[in-house]
């Protein structure tokens with residue numbers, strides 16, 4: 001039987017999408033490390049990268065500076081430890097969470113990150129006025145890229161569903177800042193980008209699925225995903241949170257808490273290893289391992 005050309009094109013067009021997850025982003029770094037070390041065959045076929053919250057940051061690094069994933073790990077451990085030392089975590093008066101996060105991005109992203117990301121990276125952000133979701137994929141400068149990613153950093157649960165809008169022309173570093181913004185943290189102002197104010201993309205689309213090809217989904221939450229933890233002995237019940245199907249389980253409730261407040265370094269190292277291991281299983285299953 002002849003395979004339709006549309007199906008062949010879909011099989012050849014692969015995207016990677018990293019879910020919103022806050023401080024569980026270390027799981028994504030484990031997944032990215034496994035892809036970089038043992039998934040080169042897959043990465044050669046990846047046409048686009050997408051993400052929300054911490055997922056947008058990891059997607060950006062995997063696309064623009066995969067050789068610096070280990071540096072991201074070290075920064076993440078130190079950043080989390082710094083937050084744990086604060087009296088009220090990231091809420092501590094006088095502690096500039098966004099400036100600290102930005103400093104790490106400035107150190108890791110290459111000078112031409114926006115050029116490498118242009119039309120290949122899709123960052124989920126939310127407009128504060130319209131509450132609509134946007135997937136930004138056009139970056140005119142490194143500064144624009146960072147701003148957009150920073151505005152979409154942490155998934156906050158929302159009961160609203162907003163219409164997505166694509167195809168607008170945007171620019172690169174402000175995009176990352178917008179994707180990473182944590183509105184739950186009092187005293188922080190939304191990221192200003194392209195003349196408007198933006199916050200967490202995880203509010204409206206925590207797991208971007210691109211319209212063309214197959215989107216391989218990655219999340220530290222157990223659910224209907226390609227790469228994720230597999231919680232055992234749970235009821236087969238799922239809830240959709242910002243377009244991400246999560247299993248209703250005690251383990252996922254614990255993970256939601258850890259997404260808001262960084263766990264211990266030992267737990268973060270375990271999350272990294274789980275991200276690495278779950279990705280290896282996927283690569284073996286799909287015959288992409290090398």
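Including glycine, each Cβ sits where the backbone N, Cα and C put it.
Per TrEMBL, the listed range annotated as motif 'GXSXG' is 51-55 (candidates: 41-45, 46-50, 51-55, 56-60). Here TrEMBL gives transmembrane segment for one range in the set 16-36, 79-99: that range is 16-36.
Note on residue 53 (active site, nucleophile): other Cβ atoms within 10 Å of its Cβ, all shown chains, come to 37. Helix, strand and coil counts under DSSP for the motif 'GXSXG' (51-55) come to 2 helix, 1 strand, 2 coil. You'll find the Cα of residue 200 (active site, proton acceptor) roughly 6 Å from the Cα of residue 53 (active site, nucleophile).
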